[in-house]
Amino acid sequence: MSPTKLSGGHTSSVLCVDVQPQNGRIASGGEAGELCIWSHDGQVIGKISRPDTECTSVLFSRENPNLIYAAFGEEILILDQQRFQEPLYVLHSNTDEINQITLDSKEQFLAACDDSGEIKVFGLQDRKVFKTLRLKHTNICSTAVFRPGRPWEVVTGGLDCRLVHWDFSKPKCLNQFNMQELHATPGDASYMINPPFIHHMSVSPTGSTLACALENGQIPIFSGSQKNLQPKFALLGHMQGVSQVHFLTEEMLLSAGNDSCINQWNLTKAELYQPAEVYMNGNGDSAHPEDDSNLAISELCKVRSFSHSSKVNWMVPYRANGEQLLYLADQTSDITILDLS
């Protein structure tokens, strides 16, 4: 089935997209400061523009189908679709451009990570800053995700190659990982010289697994079944940086990258890995044992791949009427809908 395109809303690259789970409406933000709302059948039903900035992140409320959260520069607008032109509220505490906003499962808190490396956690009842998380990221903080079932915990990642696990009630750092130490570029991947910047993260519905999208093409997988996150393995399947990861289910993961490729993975297949299958060099020793095991696990886990026509900026899965759809924002002014069913 050929992809469906949503056109006519944006005049430049679309940076982010979300789908309202109850009614199938779509929200998308773009480089020209444009925020568009689309009906489930692809008609633009609302649009605002703030031309001096970009709309870098957008989320539908899961509690109130009419509410939308959208990041423009250093501000977060809370908008009502019924009265779309003027925001209900503006949250402004970040000191640099916001890269991603994310909501906790009960929609009591919103976290906004920015270019300064700080993360502002807002309480949504009083719409004020609850805590500021700082001094752990030494560069841009690009992504954040709350841990399901652990109401005071959030995980952040950035262009300092650090993954930081926080208790934001204190606030304090519970643990951190340096991807340059954990997931250096594979020894045989001479084409991949990029550092392991963390562009995006996703957590499975129960919180038992966390996945990261790295600039060096790897997808580190962490176990979240215990209090502390534990590194498990890394998936290798992209020829360029990975820009997005999203869980479809507890086991199924989607990844997309700058190679215009979308991969689907079944993480339960990693259990089939047998160390004896690792390729050995002539001396009977593996030259790069971790790379070899990750490659073997990746081959087991990979379900299928899709080629896209452009680098993927954002993606969001949506299930409706028995169909598994994937909405893609890329470097064009269109939104692409893939049917993964």
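Using the three backbone atoms N, Cα and C, a Cβ is placed for every residue, glycine included.
Look at TrEMBL and you will find 7-39, 235-275 tagged as repeat 'WD'.
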Could you tell me the mean pLDDT the prediction assigns to the repeat 'WD' (7-39)?
93
Tally the residues of the repeat 'WD' (235-275) by DSSP class, grouping H, G and I as helix, E and B as strand, and everything else as coil.
7 helix, 20 strand, 14 coil
